[in-house]
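In what follows, a single structure is set out as structure tokens and then discussed.
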Amino acid sequence: CGLDTASITAAGACRAACLNKGICFNGISCYCPEDYIGTKCEVPVLSAECGMSSMKIRAYRPLNFNGEMFLKQSMFGCKLTEMFTNVPGYKMYELDIPLEAIAPCSLKRTENPETGDTTYEVEVATAHTKGLFSMSDTVHNVQCVYEARRMGENPVDVTAAMNPLTVKVVDSNERPLQQVQRNDAFYILAESNGKFPDTTGARIRYLEAYSLDRQTNEVKTIKLIEDECPIEAAVSLLGFTPSNVPFELNGKWLGRVEMKGFFLVDGEPLLIDYRAKLCRSKCYEKSCNSPPPLTIPKTAPFKDLITPIEVV
């Protein structure tokens, strides 16, 4: 139950890539710490796979293990199930727990008041005799930490320095908005910022709104404008037409889309994904024939370039 120090191989002479503080011995093998297994010590003995809607606990035990594993709060109601594994010499056990699970298999949820990060955790017990937990058995804590950042917030825009457009959400007096009442009007303005001196006009070509449903961790989205024209399905669903008309302000022609406050997910902000075009002066309106909407998967990745707007 140990490693002969004479067999330890210096890192430079070892042909095995030992991970997680594994020790190379005999030049080709790894001696793993108690928390890891595998030929390179790459497999954690106990771990959590942190999903968007669940936390999957995975554990490995030697082939001669005849006990059971379960959540500490319920020996009989929350057992880990033995699963197939290709890790030689070990059995694998798993339990998939929804983040919003209720007793007896619930997770402990805490929030960091400084960062807003949310932690889900649970204690996993290992009993070497089924149905009996003794002083020689063990309990370990497993947790998942989810950052507070919502999808679309604080995006990293590597093209910001060269972006020739400024896009913002404003009220009828062109004052910036971060919050709007439901059914109240607001406007999305696209303006040439002078990086291309020979273009002073702008127009929205594509507009899509989306929100993250925190209950299901799915993205709910609605396409509002495509190829400069309102989407008929969105007009029917929302009860208003996102008007996309040229708008003159301070001698410049801006792209302006008039909207009304609406919810895709109650209580969650709208995030906006857009494309716009530049014109030498005024971008003229296009004749629209209400093209059919495209179906986009709920989990499609989006990247907004406008500060999220709260609908209250």
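Including glycine, each Cβ sits where the backbone N, Cα and C put it.
Annotated features in TrEMBL:
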DOMAIN    10-42  domain 'EGF-like'
DISULFID  CYS14-CYS24  disulfide bond
DISULFID  CYS32-CYS41  disulfide bond
DOMAIN    49-295  domain 'ZP'
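Summarised by DSSP class, the composition of the domain 'EGF-like' (10-42) is 3 helix, 8 strand, 22 coil. It is CYS14, among the disulfide-bonded residues CYS14, CYS32, CYS41, whose Cβ has the fewest other Cβ atoms within 10 Å in the structure shown. Here the CA atom of CYS41 (disulfide bond) lies 10 Å from the CA atom of CYS24 (disulfide bond). Distance from the CA of CYS41 (disulfide bond) to the CA of CYS14 (disulfide bond) is 15 Å. Neighbours of CYS24 (disulfide bond), defined as other CB atoms within 10 A of its CB across all chains, total 21.
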